[in-house]
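Participant: These came from TrEMBL, pasted as-is:
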- Gly11, Ala12, Gly13, Tyr14, Val15, Gly16, Asp36, Arg41, Glu98, Cys209, Phe210, Gln211, Lys212, Arg279: NAD(+) binding site (BINDING)
- 94-98, 153-157, Arg193, 200-206, 271-272, Arg376: substrate binding site (BINDING)
- Cys209: active site, nucleophile (ACT_SITE)
- 265-381: domain 'UDP-glucose/GDP-mannose dehydrogenase C-terminal' (DOMAIN)
Amino acid sequence: MFQIKKICCIGAGYVGGPTCSVIAQKCHDVKVTVVDVNESRINAWNSDTLPIYEPGLKEVVESCRGTNLFFSTDIDSAIKEADLVFISVLSNPEFLAEGTAVQDLKNPDRVLIGGDETAEGQRAIKALSAVYEKWVPKERIITTNTWSSELSKLAANAFLAQRISSINSISALCEATGADVEEVAKAIGMDHRIGSKFLKASVGFGGSCFQKDVLNLVYLCEALNLPEVASYWQQVIDMNEYQRRRFACRIIDCLFNTVTGKKIALLGFSFKKDTGDTRESSSIYISKYLMDEGAKLFIYDPKVLKEQIIHDLSQPSISEDNRRVSELVTVTSDPYKACQSAHALVICTEWDEFKTLDYEKIYKEMLKPAFIFDGRRVLDHLHPHLQNIGFHIETIGKKVTATRIPYAPAAVCPRISATEPPTKKAKV
């Protein structure tokens, strides 16, 4: 059987970098070269400061970089000498979760390899399988045809996104009835047919994969004249957008129906904890809705760079005029500074450090009444303590404060509506 000795991976991003680093660490006899046209990104992979944050990744890279793991901009040479080129020879979709990518690669639920049902295609499948078999049990390596492999990837992420949108829809019902979505999620999750994973209500899912893959599924269904199926999966995206709008409207509602000129501390900007990735982060859209109403945002995230936050909020779909970002957004490296003189504190990412902040100190330096909007349910264990301090608490899927501070409704309603659908159907 043909043996793979040299691998080239095109793209040194969130998938290519970690995947090939682990392959190099597990396969000492295979030379792995990761190439990219972005010279600064390649330079970062060759430095002490990697271009992406992922727990355990730096140790993996440093264990084999320069030995059998290389990062280069010389794409042509790497392709010419490679026995296998990732992304162009086989369908080998990844099932990584950012924040646990290294562990997912070292101990995967399954490895999926798809290829042509030809003699050449089957030989390629066997050759790549042999690489993974050096550390992955053979029974976890699934081989299929190309279409089955690609659709399995789309369907897997669509099902996960669907679960999040499903529990988020129930969170709205819980808030209206007095139920607690965490209790509901625990009850239904104990049914072995359903399971407990991905039943965490929040401000919505983000990341590069879920929305992209669901929309790819929608596009395929429309192209193949399956409108009912396309509409079904589109609702997963629409519910996610609804949850973000609903949370932003709740902030505005509680702050006496206006946030114009008010300082709001936004804690967390990455789409989930333990990553610096902001792609499709709910924080971006909540920031947009609050900026639309004139709020002054002070943003803190332990891993996302200031330049990335400003870049994300300056996109035409978020801010038509970049001047409003410079006027309304301040990025700080200190969560306590973000909260000084703020009307409200909004948690958008479930970073563990937010559970241990000195909230008595924060309360003393905030304007009164002081509000906490917990979009990730990370402070549930602190609710009695926070209320004793004096905070008014709003969270996803549960009524914490029995009665809100009364206010006189403004003459003009906010420009965003929790009930209106997205302004236009998302396109691939």
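Including glycine, each Cβ sits where the backbone N, Cα and C put it.
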Participant: In the structure shown, which of the recorded positions Ala97, Leu154, Ala201, Cys209 has the fewest Cβ neighbours within 10 Å?
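Facilitator: Per-residue Cβ counts within 10 Å for the recorded positions Ala97, Leu154, Ala201, Cys209 bottom out at Ala97.
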Participant: Please give me the binding-site residues out of Glu94, Leu154, Ala201, Gly204 that lie within 10 Å of Val15 (NAD(+) binding site), comparing Cα atoms only.
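Facilitator: Cα filter at 10 Å returns Glu94.
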Participant: Which of the recorded positions listed here (Gly11, Gly13, Glu98, Cys209, Phe210, Lys212) have a Cα atom within 10 Å of the Cα of Asn157 (substrate binding site)?
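Facilitator: Among Gly11, Gly13, Glu98, Cys209, Phe210, Lys212, the ones whose Cα sits within 10 Å of that of Asn157 (substrate binding site) are Cys209, Phe210, Lys212.
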Participant: If you measure from the Cα of Glu94 (substrate binding site), which of the recorded positions Cys209, Phe210, Lys212 is the nearest?
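Facilitator: Answer for the nearest of the recorded positions: Cys209.
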Participant: Hey, of the binding-site residues listed (Phe210, Phe271), which one tops the CB count within 10 A?
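Facilitator: Max Cβ neighbours within 10 Å, all protein chains included: Phe271.
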Participant: Between Gly11, Gly204, which of the binding-site residues has its C-beta surrounded by the fewest other C-beta atoms within 10 Å?
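Facilitator: Each of the binding-site residues Gly11, Gly204 was scored by Cβ atoms within 10 Å; lowest is Gly11.
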Participant: Tell me the Cα distance separating Cys209 (active site, nucleophile) from Gly13 (NAD(+) binding site), rounded to the nearest angstrom.
Facilitator: 13
Participant: For Phe210 (NAD(+) binding site), identify the closest of the binding-site residues Ala97, Leu154, Gly204, judging by Cα separation.
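Facilitator: Nearest in space to Phe210 (NAD(+) binding site), counting only the binding-site residues, is Leu154.
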Participant: Determine the C-alpha span of the NAD(+) site listed in the record, that is the greatest distance between any two of Gly11, Ala12, Gly13, Tyr14, Val15, Gly16, Asp36, Arg41, Glu98, Cys209, Phe210, Gln211, Lys212, Arg279, in Å to the nearest whole number.
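Facilitator: So the binding residues stretch over 25 Å, Cα to Cα.
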Participant: What is the one among the binding-site residues Asp36, Glu94, Glu98 whose Cβ has the most other Cβ atoms less than or equal to 10 Å away?
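Facilitator: The residue with the most neighbouring Cβ atoms within 10 Å is Glu98.
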Participant: Could you tell me the C-alpha distance between Cys209 (active site, nucleophile) and Leu154 (substrate binding site) in angstrom, no decimals?
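Facilitator: Cα of Cys209 (active site, nucleophile) to Cα of Leu154 (substrate binding site) measures 9 Å after rounding.
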Participant: C-alpha of Gly11 (NAD(+) binding site) to C-alpha of Ala97 (substrate binding site): distance in Å?
Facilitator: 18
